[in-house]
Amino acid sequence: MASASYHISNLLEKMTSSDKDFRFMATNDLMTELQKDSIKLDDDSERKVVKMILKLLEDKNGEVQNLAVKCLGPLVSKVKEYQVETIVDTLCTNMLSDKEQLRDISSIGLKTVIGELPPASSGSALAANVCKKITGRLTSAIAKQEDVSVQLEALDIMADMLSRQGGLLVNFHPSILTCLLPQLTSPRLAVRKRTIIALGHLVMSCGNIVFVDLIEHLLSELSKNDSMSTTRTYIQCIAAISRQAGHRIGEYLEKIIPLVVKFCNVDDDELREYCIQAFESFVRRCPKEVYPHVSTIINICLKYLTYDPNYNYDDEDEDENAMDADGGDDDDQGSDDEYSDDDDMSWKVRRAAAKCLDAVVSTRHEMLPEFYKTVSPALISRFKEREENVKADVFHAYLSLLKQTRPVQSWLCDPDAMEQGETPLTMLQSQVPNIVKALHKQMKEKSVKTRQCCFNMLTELVNVLPGALTQHIPVLVPGIIFSLNDKSSSSNLKIDALSCLYVILCNHSPQVFHPHVQALVPPVVACVGDPFYKITSEALLVTQQLVKVIRPLDQPSSFDATPYIKDLFTCTIKRLKAADIDQEVKERAISCMGQIICNLGDNLGSDLPNTLQIFLERLKNEITRLTTVKALTLIAGSPLKIDLRPVLGEGVPILASFLRKNQRALKLGTLSALDILIKNYSDSLTAAMIDAVLDELPPLISESDMHVSQMAISFLTTLAKVYPSSLSKISGSILNELIGLVRSPLLQGGALSAMLDFFQALVVTGTNNLGYMDLLRMLTGPVYSQSTALTHKQSYYSIAKCVAALTRACPKEGPAVVGQFIQDVKNSRSTDSIRLLALLSLGEVGHHIDLSGQLELKSVILEAFSSPSEEVKSAASYALGSISVGNLPEYLPFVLQEITSQPKRQYLLLHSLKEIISSASVVGLKPYVENIWALLLKHCECAEEGTRNVVAECLGKLTLIDPETLLPRLKGYLISGSSYARSSVVTAVKFTISDHPQPIDPLLKNCIGDFLKTLEDPDLNVRRVALVTFNSAAHNKPSLIRDLLDTVLPHLYNETKVRKELIREVEMGPFKHTVDDGLDIRKAAFECMYTLLDSCLDRLDIFEFLNHVEDGLKDHYDIKMLTFLMLVRLSTLCPSAVLQRLDRLVEPLRATCTTKVKANSVKQEFEKQDELKRSAMRAVAALLTIPEAEKSPLMSEFQSQISSNPELAAIFESIQKDSSSTNLESMDTS
């Protein structure tokens, strides 16, 4: 420390030198010292350093002054608080100095100090004291109005301080407001502007009293309307407040909007511009409160979008349909753009109107149909706007409209609505000719910006409506070529033009472009040769698509591609050979050449083998190998049967080596390539090549990556079909891995299907030691030997499916094996595991093969219904149902008879019936529907809930077989006197809803409202199942319930309330335990709310929704967990609404995070509380992603609390790490 002090005192001495270079060097060295974390200053050194730095702020040399200011930043964090106060005092005094240079440097110094203070959320005393000290001095400097430049600096610093530390200055907010309000009438506009900025920052942290004072003052002054100049300022101020604190100003809009509407009619363009900007901020920041006024705002914007009093457009509307490709008379185009009038401010009004319409379109999804009637035609008619900046905003507004129309939401392309013909998509379709007509002239404008807007517009239009431009390609192609050939085009314009052309080529049929290929190929080829790599890259994508257009392989085409092959090949091969080009260009050149060979390879002659050799080189390069593998896969799959023999000998071993690389995408791509090569080139592959591949397969077949396993198994299946002689190799490690995978509980879906296909392909090859019985022993051996017990039930199902697959492939082996399984079930010495496997295997085999010839099968299965093992009983139930599917006339009447005569076995038999209804063909079941229906209705009033649920599922699935007859019958049971019957039919409806279109859908849409009326049922359980059914509809097919939300939501929200009458106390020995019978129904209601966020957000009143979310935050553990998840979703879906409610949401979150578990609680209680805290913290982290959330005083206070509590701080930190790593993972595209 002594040496540091000595070094610093040395520097201080040099700072007093008369030589400015000495002073500069010493200050620079001091700066370096202060930036070191290790530096410790004693009191004396602190005092001297502070004094010297402040003195150097007045140095004659500007460079020394600037360095001294920079020293303030690190100095503030290294000295004691009273020294910081000295610095601040001196800077404030100097700010009022007569010397302009000293004032400026002191202002910069104050901003530097404020910037270095710890944020308000850290709860730092230093920050609070410094800010309080500065505030008093600033308010007096602002209020004096003596020197405008001092005022401007003071306002600047005040705004900076309020934005960073506003929450610490709550006590000063009234005095700050008092000094700021008079500045709104300052004769200097710059002062007014900075005052507005400061007020904007003030409203984000001030208390309600100050906020009300400010708004009342503005409203009162606006009502007086003393002068046009101040009225403009007040409107600007209101817009700024709305932008910064829309969630607070909302409740005053009823008073504000009529005033702003009135001022729109005043003949003052600047005032109009500010009024419309205010509307824009209301639309974006106060979505709920502005809703009643949206139509008024749209009408005002549409009026002023065309407001151009000094210009006449009439003469421009001559016939625009003739568009020449040569663009001969372009020189005199765009002369209108040069029209300029310095006094004409009307363009600002038009621009404000366009931006405001953009805001309306972007925030009001529910008004899309209305927008296409009114806003869309108006915007299209203004594409001819003469001011370039305004035109860009008109285009942007239309782009926003198109983006809102993207059919990501199921309701936008709801088939029912489509039939009515009035959906946003159909309305857009009808306006495409007008859009093209309006863009047509703009595409040859001189302005680069305008042409870029046109390309962005066309790209988005085609993304929203693929095929929309089919009729208009002849009009658009010349405009695209114009930009590609135009010497004045910027690189970005060419890239946009190419990107647009690519999207159009991808989304229209090839025939549409055939008349234009001759015109398109030369400019695209020229762009492939462009020196700028981004243009080359985009042009290669277009070339690849053009190749598919000139010779489509998936449809007959009479177009002659021959004249274009040489040009396309030559420009691509040049890029393929180049070594020093950009990575993206390398990859796209490979993909493009792959497409050329795939579609045109039979025309390449001697160029083909040479090009394939280049591919071989690219295959050996780590950077290009994955793209090359994909290109080879494309070529190998070509119907032209390209001759790949020259590269297979060297290529296949290289591909085999890729299977051991630690790159998942490469493994998957290579397996696809090898699969297609085996299918199409088996005669060119040698046994050695295939053996090399087989050697690499065992590590790929593993439950750790089911997708890779599935691809590997599919490859083996292809091998078994095409190259059976190679399979003798697999009996060792490959087969061991396969059998191991069959026993994995994770084997299901696509991987399981691939496994079944493989066993069927393998068993018919007749390979030694891999016959039917060999494979059967391998699969079932462990169960019979009991050497290794299979722990998971799923493993038995998988083995049984494999056994059935083998038996289907070898039907002659069937009877003997089935007989053996029957004996295994009968044998009293069989273990439960053997019985389980035997029953499941009988079920799987019987599903596909008629087993009615096995006379004792029925009695053996019924006997198994009495087994003491639940798993064996369940397997017997499944087996009976599955076997019945194989011969319905034999088994179905038997099952129905047993259900009637065996009440004790009813539950298991109903499960068998469910299996039959779920799996049998509709035609096969039709004759039995009436009998099954009658039987089910007898049991739908059963008191046992498990039985009722199976009956309901059977009823639902049966209804799908004959909806016209059965759905009305189900509906009839809604008036049953039995609450059990009502709950059964409502649950049955759940099983008629699926996420893909079905014949029942239109019928269901007409009557689902009747089933949902049971949300008003007096019985609690009926209401609960109604919510579960509603949730299923909202999740799988939202179009069924969208139009019912207005009537359903009040009942749904009603079920989120805690009901005291449903809470009771139960005595358990010496303890009293509280039971809440309403918990399950509340949970069901909150689950529905969560689902609605994803499927019907545009139909929700989000503020009403948030009221119930707030209640849920104070409810039971399960419901809190659900509402925390909702908050995370809401933070991204509707941040502005959440921001308005932030203060009310923070309190319950804080309560959860600070709750302590009683010391004598059980471990489970501690774990539950810990999980609650983590979930609450995730919600807090999500809320903090909303811009400006941390500026809420309550939120910043809660943040301070989190950071000062080690336990909460640790949880919060780990959650933030998790979310950032998740974001990184989602960016990993490989």
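Just so it is clear, glycine is given a Cβ too, placed from its N, Cα and C backbone atoms.
Per Swiss-Prot, the features are:
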- ALA2: N-acetylalanine (MOD_RES)
- 44-81: repeat 'HEAT 2' (REPEAT)
- LYS55: N6-acetyllysine (MOD_RES)
- 171-208: repeat 'HEAT 5' (REPEAT)
- 210-247: repeat 'HEAT 6' (REPEAT)
- 248-282: repeat 'HEAT 7' (REPEAT)
- 289-366: repeat 'HEAT 8' (REPEAT)
- 315-344: region 'Disordered' (REGION)
- SER335: phosphoserine (MOD_RES)
- 515-552: repeat 'HEAT 12' (REPEAT)
- SER558: phosphoserine (MOD_RES)
- 563-602: repeat 'HEAT 13' (REPEAT)
- 688-725: repeat 'HEAT 16' (REPEAT)
- 770-808: repeat 'HEAT 18' (REPEAT)
- 809-845: repeat 'HEAT 19' (REPEAT)
- 961-998: repeat 'HEAT 23' (REPEAT)
- LYS971: N6-acetyllysine (MOD_RES)
- 1099-1133: repeat 'HEAT 26' (REPEAT)
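Between the repeat 'HEAT 13' (563-602) and the repeat 'HEAT 12' (515-552) there are at least 3 Cβ pairs closer than 8 Å, counting only pairs 6 or more residues apart in sequence, which means the two stretches are in contact. The CA atom of LYS55 (N6-acetyllysine) is located 87 Å away from the CA atom of SER558 (phosphoserine). Using a Cβ-Cβ cut-off under 8 Å and counting only residues 6 or more beyond its ends in the same chain, the repeat 'HEAT 2' (44-81) has close neighbours at 5, 8-9, 12, 15, 20, 23-24, 27-28, 30-31, 34-35, 87, 90-91, 94, 101-102, 105-106, 108-109, 112-113, 115-117, 125-126, 129. On a Cα basis, LYS971 (N6-acetyllysine) lies 57 Å away from SER558 (phosphoserine). DSSP assigns SER558 (phosphoserine) to coil in the three-state reduction, outside any helix or strand. For the repeat 'HEAT 12' (515-552), DSSP puts the residue distribution at 32 helix, 0 strand, 6 coil. As a summary of secondary structure, the repeat 'HEAT 7' (248-282) carries 31 helix, 0 strand, 4 coil according to DSSP. Sequence-distant neighbours of the repeat 'HEAT 18' (770-808) (same chain, 6+ residues past either end, Cβ-Cβ under 8 Å): 727, 730-731, 735, 739, 742-745, 747-748, 752, 755-757, 759-760, 762-763, 814, 817-818, 831, 833-834, 836-837, 840-841, 843-845, 847-849, 871, 875. LYS971 (N6-acetyllysine) carries a helical DSSP state (H, G or I). Listed in sequence order, VAL985, CYS1007, ASP1010, PHE1011 are the same-chain residues at least 6 apart in sequence whose CB falls under 8 Å from the CB of LYS971 (N6-acetyllysine). Cβ neighbour count within 10 Å across all protein chains ranks LYS55 highest among the modified residues LYS55, SER558. Mean model confidence for the repeat 'HEAT 6' (210-247) is a pLDDT of 92.
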